[in-house]
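Colleague: Sharing the record's features from TrEMBL:
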- 89-303: domain 'ABC transmembrane type-1' (DOMAIN)
- 1-23: region 'Disordered' (REGION)
- 33-52: transmembrane segment (TRANSMEM)
- 92-115: transmembrane segment (TRANSMEM)
- 127-147: transmembrane segment (TRANSMEM)
- 180-202: transmembrane segment (TRANSMEM)
- 223-247: transmembrane segment (TRANSMEM)
- 285-303: transmembrane segment (TRANSMEM)
Amino acid sequence: MADVATVGRDSAQRSGRAASQHPGRSHRAWVPYAYLAPALVLYGLFLLVPLARAGQFSLFEWDGLGASTFVGLENYATVLQDERLRSAFGHALVLVFFYAILPLCIGLVLAAILARARVRGLGFFRTVIFLPQVIAMVVVAVTWRQIYAPDGPLNGFLRLVGLDALTTAWLGDYTWTLPAVGLIGTWVSTGLVTVLLMAGMSRVPLELYEAARLDGAGPVREFFALTLPAIRGEIAVALTLTIVAALKTFDLVYVTTGGGPGTSTTVPSYEVYRRAFELGQVGEATAIGITLTIVVFAITAAVNRIGDRS
């Protein structure tokens, strides 16, 4: 028993000496958090606090200036029941096709061709195709509004090639206005998606393609068996960025159509602006914004989950 007690005392003494020799070891775990603290504070001030305030405003009927009245979840009920708002969310989902799905299909084809061809001047091509991303959306919208004008270049080209029957007021026609706006989003997003996919394809080892060719695989089989699984991470990133851009689009719609004709191009972000600054319905506007935030988060989380499983 004495020996056991002696061993216990010796062990305790060694532990004490080790702790005294390394007094800062217990504090090292906090160092990463200290570096992150400034960024987290800014994140909280500029994102979480405004989001919390928006959630608070969404529970009140308020015109932005006078007294407010607590209405609970009534504003959210309006979001679900208002036909105009349901149409706005439906239009946003249509824009997802033009902003995300169509650019992804085009980007996959372009990236696969360029990666296989190994053409010269690839860096220049990447720069050119990425340019729409660095141009202000207001400038893009004004430019395309001129292109779509009744006497603009698009109708002029159709008349030149003898397709006068296809000319129309692209931004004034109930049938074509939303697709016309969506195609602008396709033009803007395709470059970003293509560059992301090209970056992913460049990381695939050439030895894999050589081995596949030795096994008799053709270009199509190589693409689906090797390339596509290898770039699933880039596909998830591209879809996340473009879906978010589609759901929160505002400036493009505001400049090109103003939500018209009628309500054919209204989107949630435009309804937030309209109700807050034109109709003085700040509570409803913030409820729309909170709902849109939840929809964006849910869709992007689902896309990333599917990408991880793939």
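Count begins at 1; order follows the chain as displayed.
Backbone N, Cα and C atoms are what each Cβ position is placed from, and that goes for glycine too.
Model, not experiment: these values are computed from the prediction.
How buried are the listed features, and what sits near them?
Modeller: The list of residues near the transmembrane segment (223-247) in space but at least 6 beyond its ends in sequence, with Cβ under 8 angstroms from a Cβ of it, reads 92, 95-96, 98-100, 103-104, 107-108, 112, 115, 185, 189, 192-193, 196-197, 199-201, 203-204, 208-209, 212, 217, 268, 292, 295-296, 299-300, 303-304, 306-308, 310.
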Colleague: Under a criterion of three or more Cβ pairs within a distance under 8 Å and sequence separation of at least 6, are the transmembrane segment (180-202) and the transmembrane segment (127-147) in contact?
Modeller: yes
Colleague: I need to check the long-range neighbours of the transmembrane segment (92-115): which residues 6 or more away from its ends have a CB within less than 8 Å of a CB in the stretch?
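Modeller: Same-chain contacts beyond the ends: 122, 125, 129, 178-179, 181-183, 185-186, 188-190, 192-194, 196-198, 201-202, 223, 227-228, 235, 238-239, 242-243, 245-247, 249, 267-268.
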